[in-house]
Amino acid sequence: MLDSKLLRTQLQDVADRLASRGFTLDVARIESLEAQRKVVQTRTEQLQAERNARSKSIGQAKQRGEDIAPLMADVERMGNELSEGKVELDAIQAELDALVLNIPNLPHESVPVGADEEGNVEVRRWGTPTAFGFEVKDHVALGEKFGWLDFETAAKLSGARFALLRGPIARLHRALAQFMINLHINEHGYEETYTPYLVQAPALQGTGQLPKFEEDLFKISREGEADLYLIPTAEVSLTNIVSGEILDAKQLPLKFVAHTPCFRSEAGASGRDTRGMIRQHQFDKVEMVQIVAPDDSMAALESLTGNAERVLQLLELPYRTLALCTGDMGFSAVKTYDLEVWIPSQDKYREISSCSNCGDFQARRMQARWRNPETGKPELVHTLNGSGLAVGRTLVAVLENYQQADGSIRVPEVLKPYMGGLEVIG
C-alpha cells in the first residue's frame, strides 16, 4: 500500500510514475474524496469544540439557577450531528482505503520502462543449451512413456491442470525440493519454516493478493467462521509472520524458506500452456522471503536473486536473468528479476523464478515495523520474496535437458544423493 501522505502531497507525480506501469490513477476521484474528507473533518472538529464549550456552559448556567433546557437540547443536537459526521467521515475514508488498496507499488528508478514483457531487459545468461543429436521429446512424452507422469488419472480425480507423478519421477520431484531447501538453509542462511497452507483474508491483503486478485484464489467459505484461502505462494504465510510486529534491529535481516504446495485458479490463463506441467492449479514451490532494514533492501534483492540462480547453476541448467520492465512487474514489487530456464522442446527460455523487492508496500499493509536505533522510533521494514525454485517447472527442465536418445533421463550430479545413487531414470 502506498503512503497516504505521498498521495496527498505528490498525487500527480505518483500518477505519472504509475502510468509507466500501465496503471491509470483516478486523480480526480482521489482529489474529490480528499476535499470531502477535509470539509467533513473540519466541520466535525469545529462542532466538537462548540459542543465542548456548550457543555461547559451548562454547569455555569446551572450554578446561576438559569434554565438549562435549551442548552441541553443544543448539546444533544450537536451530538447527533457529530455522530452523522463520523458516519460520513468513515464512509469517505472507506472509499479512499478501497482505492488505495488497489493501487500498485511505485517502480524503482532503476527499473526499465516498458509496456509489457517485450520491454524486459536481459541482464545475464548462464550455461549453453545442449545441442541434441536426436529429436527432442517434451516432458510429457518422456514422463508418459513409462507411466510415471499421468495426466489422465489426474484429470479423472481433479479435472484439468493437475498432474499425478509416480515412481522415479515422483522421487525426482521430491529430491529437487529437498536439494533446494538444504541449499538455502545450509549455504544461504535461511531458516526452514513450515507454514499453514490455508490463510485468512487479512494475510492475503497484507501481501497484496487481496482485494485485487481474488479471482485467482481458491476460497473456502465456512458458515459462522472466517473464510479461508489456499495459499497461492508461501510468500503469503512467510511474509505475514511479521504482520503487526515491531522488530528489534538486531533481529534483521530475517530470512525464511519453505517448501509448500501452491494453489492458483489461473483465471486469466485460458488456452495457455494447456499441455504438461508448466501451468497447474496445484504445484510445489520452494519460497524465500527476507525482512530487512530499508537501506539494505536493494542489496538484498541482488543476494536473493543470486540464491535462486545458484540452484540452477548446481543443477547445470542453462538460464537467463531478466530485469522486468515497469509494465510487466507484479502488483507489490518496486523491482523484480525473473529467471528463465531453457526448455529444449519449446526452444526457448521459460520463467522458473521471480525475485522481488517490495519496499515498504507490504509492510504498510501488514503494519510490520522495526525500531530504528538511530531514531528510537518504529519504522516500516522492507520485504522481499523469490522462488527458489518452482519445483514442477524445475522437474520439467531436468527431464528435458537431461534426456537421452532412448528416452531415459540422466540424474543431475547434485541430486544423486537424494536418489539413492541412481544415475539414470528409465
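Each Cβ is built from the backbone N, Cα and C atoms, and glycine gets one as well.
Taking all protein chains in view, 22 other C-beta atoms sit within 10 angstroms of the C-beta of T233 (L-serine binding site). The L-serine binding site annotation in Swiss-Prot covers T233, A234, E235, E287, S387.
For R264, S265, E266, E351, I352, S353, S354, the entry in Swiss-Prot reads ATP binding site. Under the DSSP three-state reduction, I352 (ATP binding site) is assigned to strand.
Geometry remark: T233 (L-serine binding site) versus R264 (ATP binding site), CA distance 9 Å. The Cβ of E266 (ATP binding site) lies under 8 Å from the Cβ of R161, D216, R279, Q280, H281, each of these being in the same chain and 6 or more residues away along the sequence. Neighbour counts of Cβ atoms within 10 Å were compared across the binding-site residues E235, E287, E351; the minimum falls on E351. Excluding T233, A234, E235, E287, S387 themselves, the residues of that chain whose CB lies within 8 A of the CB mean position for the L-serine site are, in sequence, V236, L238, A258, T260, C262, K285, V286, M288, V289, N385, G386.
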